[in-house]
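Per TrEMBL, the feature signal peptide maps to 1-26. What TrEMBL records for C35-C50 is disulfide bond. Sequence annotations record features per position, and here TrEMBL assigns domain 'Cupin type-1' to 59-210. Per TrEMBL, Mn(2+) binding site is recorded for H110, H112, E117, H156. For H112, E117, the entry in TrEMBL reads oxalate binding site.
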Amino acid sequence: MEIGPRMVATVVTVMSFTIFLGVVSADPDMLQDVCVADLASKAIVNGFPCKATFNETDFFFDGLAKPGLTNNTLGSLVTMANVQKIPGLNTLGVSLHRVDYAPFGLTPPHTHPRATEILFVLYGELHIGFITTANIFVAKTIKAGEIFVFPRGLVHFQKNVQNAPAAAIAAFNSQLAGTQIITTALFGAKPTVPDDVLAKAFQIDVDEVEMIKAKLAPKS
């Protein structure tokens, strides 16, 4: 499903929330009008060094206009519109993602360590939720035109509850929110987390740990 006039209006709504998030950005304040990211620079700084010259292409990205392919194990795909795709976002403290879901597709439990997320459903119906540090589970089913907020750093997920595609736009108060999928972090880290640590933490045996690691290993 491509974005039509009504979808444009909904995206404008999300962008206004993004601008608000930028006012309370989780990133450092900008010190100049623009600081277009030099993504090829070898310098290591908190963010990206500024390019000496820039043009309109540094502020443009059309990657959210069409649905992403969701023919994978989880049935979902995230298309990011962050500073790595739009260099002009450097120091501006905002970014967007588009998330597409196959029928009953899942965005697995994950965190964004550097940003709060506000999710706007473009079409379809999602069951979403987050878990507080006190282990309180907060969840709701939302549909097209509705919004839900995931506080910064908390574990959360989204699942398509219908036998039809769904899509959402996520706004962040960071140019690069970061994403850490819980299962991949624990069972797919390199070097690997010791089997006995995971076995004790999850109260399972080492063979089960190895089985989970095998399933999450990158496909060659």
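Heads up, the Cβ atoms here are built off N, Cα and C, so glycines get one too.
Structural mapping of features recorded in TrEMBL.
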| residue | record | contacts (Cβ under 8 Å, 6+ apart) |
| --- | --- | --- |
| C35 | disulfide bond | G47, F48, C50, N90, T91 |
| H110 | Mn(2+) binding site | V155, H156, F157, T179, Q180, I181, I182 |
| H112 | Mn(2+) binding site | F150, R152, G153, F172, S174, A177, G178, T179, Q180 |
| E117 | Mn(2+) binding site | V149, F150, H156, A170, A171, F172, A177 |
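Of the chain residues outside the Mn(2+) site list H110, H112, E117, H156, T111, F130, F150, L154, V155, A177, T179 have their Cβ within 8 Å of the site's Cβ mean position.
Ranking the recorded positions C50, H156 by other CB atoms within 10 A of the CB puts C50 at the bottom.
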